[in-house]
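**Q** Below you will find the structure I want to go over with you.
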Amino acid sequence: GEMREAQRGAHTDRSRGVTLARTHMHDWLTLILLVLLPVVVFLLFYLRRRDIYDLHNAVLGILFSVLITAVLTDAVKDAVGRPRPNFFWRCFPDGKDACDQWGNVICHGDKGVIREGHKSFPSGHTSWSFSGLGFLSLYLSAKVKVFDHQGHIAKLCLVVLPLLAASLVGVSRVDDYWHHWQDVFAGGLLGFVVATICYLQFFPPPYHVDGIFFISRT
């Protein structure tokens, strides 16, 4: 029998994901990008200026950003339960769909793999990447005074670079058929919003007139 579109997931493509739950090649790279790279940048600024308050606030801020994003992402994933693009192959590893006499879908894949297949929205890797690298982008924009109206293209490129890296992580998730583009867009938006809120809890806005090393010590 033919699977019901509602049960199968309207956006699930049965022609994709034959090697379905393959280990994602960018998992470790993502972890390095969203945590280690920003911390290295924070340390470099500390070695230059010896401002322990700046280092403390930066590390604490990015940790809050990543952790809050992770909690929100997992909560939304469980609440929405959207099927991944490769869900068909999670449900039917042999490529043959099956239904009972009433037309209900009978999945015969691994239960854990099927359960993971209902966590497409939003993209966790994308939200985590934007929460970490988005925070780094805001941090750099303040340090190099990208909003000083001097029109330095090099400064702007430096600030955009972390966001570009986070975007590439999202693109890789779509390319590997682990997420739909809407999942990646929502994940990126969620991560960057959380990063912005957390950044503003520890630093003034990047365009603040006091510039790069104004930090309240009260």
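Each residue, glycine too, has its Cβ placed from N, Cα and C.
Note that TrEMBL annotation is computational and uncurated.
Under the heading domain 'Phosphatidic acid phosphatase type 2/haloperoxidase', TrEMBL lists 57-199. Taken from TrEMBL, the feature transmembrane segment covers 28-47, 59-76, 153-172, 184-203.
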**Q** With DSSP as the yardstick, break the domain 'Phosphatidic acid phosphatase type 2/haloperoxidase' (57-199) down into helix, strand and coil residue counts.
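**A** Within the domain 'Phosphatidic acid phosphatase type 2/haloperoxidase' (57-199) the tally stands at 97 helix, 2 strand, 44 coil.
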**Q** Compute the average pLDDT of the predicted model within the domain 'Phosphatidic acid phosphatase type 2/haloperoxidase' (57-199).
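**A** Summarising the domain 'Phosphatidic acid phosphatase type 2/haloperoxidase' (57-199) by its mean pLDDT gives 84.
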